[in-house]
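K.L.:
The structure that follows is given in the form of structure tokens.
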Ligand SMILES: NC(=O)C1=CN([C@@H]2O[C@H](COP(=O)(O)OP(=O)(O)OC[C@H]3O[C@@H](n4cnc5c(N)ncnc54)[C@H](OP(=O)(O)O)[C@@H]3O)[C@@H](O)[C@H]2O)C=CC1
Ligand SMILES: O=C(CO)COP(=O)(O)O
């Protein structure tokens, strides 16, 4: 039995914690909201984020960070990008007091605003090296709503430390949830962030009334952009064609369970970004990531016309129809 603390009781943190607890591991789910911990422990529900789900009674929630991480082997951070540093600082304080070293994993899909750092880079800055034995990412096509009802799911666990990745692989895998490992932390994190931008675009196409041809074109041409930026930044090309790359691009770009996709649909139906954000009540990582990647693309001198179009819609009030017309009017070219 492995001891694991999951930080963040939103939809994905709860689903991952529930999976590990169902697998028989000692799981403490940390939330900054004491009332939510009481609800999870007493009623085995998380009505705000997974309203249909009944959680395993084996899952223990707490709002006490020290109790959550005491004697655990793994800490898995699953808070939104904007909360990563704040939560990691709290974690570092507690680990310092406990003189405790952990495998530090995360399942967040984004890039930091302003610095454009990957999540593991932020974690490495906040949690001193002697308090973490490895950095690991859980990525791949995995909507919490599907995982919690035991729909078949495969994810990828990326780390330079194969043993650490394998431990998390064992903790999470079961008959309906299959985890693979890979060695590409950078690529697994980067592609996870990039696909959220595409999901906004894909949802927007459906909101506007376009069909599967349009979505297939968008996803495939976005893959070209993801490849170009990924290679420029040092990702392994193979990762793009694995679960953390194309796998996540497909699920987020096609499934209404994706918040990014639903946000795009709302934009396509004529709502404003403020309206779709308010309606969602959950994190839409792709909005901030679009800005980060738009800036990044210029730094790395990578041509990303789809990302640029979505940036112009989100940040420069360009009408969606105009953005699509401009993309379709680009000079004709060869695919290869
Ligand atoms: N949902 C999914 O299916 C998947 C999500 N992910 C990724 O996981 C990450 C988390 O997403 P998800 O769980 O869906 O997000 P949700 O919006 O469902 O939940 C976010 C959670 O983080 C908490 N939180 C927010 N700010 C802080 C803070 N400063 N300190 C502590 N806790 C905080 C929220 O608490 P409160 O309720 O109090 O605001 C809430 O519990 C994202 O990067 C997402 O891309 C990855 C794969 C699948
Ligand atoms: O990353 C996800 C599924 O793999 C979740 O995507 P959303 O954040 O768009 O819901």
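The backbone N, Cα and C atoms fix where each Cβ goes, and this holds for glycine too.
TrEMBL does not curate its annotations; it predicts them automatically.
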K.L.:
So TrEMBL lists 109, 140, 142, 248, 258, 259, 260 for sn-glycerol 3-phosphate; which of 82, 195, 291, 318 goes with them?
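P.N.:
Of 82, 195, 291, 318, 195 joins 109, 140, 142, 248, 258, 259, 260 in the sn-glycerol 3-phosphate site that TrEMBL records.
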K.L.:
Out of 83, 144, 228, 232, which does TrEMBL tie to the same NADPH site as 11, 12, 32, 49, 109, 259, 283, 285?
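P.N.:
TrEMBL names 144 for this NADPH site.
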K.L.:
With the Cβ atom as the reference point and anything under 6 Å counting, tell me which of the recorded positions (11, 32, 195) are near ligand 2.
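P.N.:
From 11, 32, 195, counting a Cβ under 6 Å from ligand 2 as near, there are none.
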K.L.:
For ligand 1, list the binding-site residues among 11, 32, 140, 142, 260, 285 whose CB atom is within a distance below 6 Å of it, in sequence order.
P.N.:
11, 32, 142, 285
K.L.:
Between any two of 11, 12, 32, 49, 109, 144, 259, 283, 285, the residues recorded as binding NADPH, what is the biggest Cα to Cα distance in Å?
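P.N.:
Of all Cα pairs among the recorded NADPH binders, the widest measures 22 Å.
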K.L.:
What mean pLDDT does the predicted model reach across the domain 'Glycerol-3-phosphate dehydrogenase NAD-dependent C-terminal' (184-324)?
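P.N.:
Averaged over the domain 'Glycerol-3-phosphate dehydrogenase NAD-dependent C-terminal' (184-324), the predicted model reaches a pLDDT of 96.
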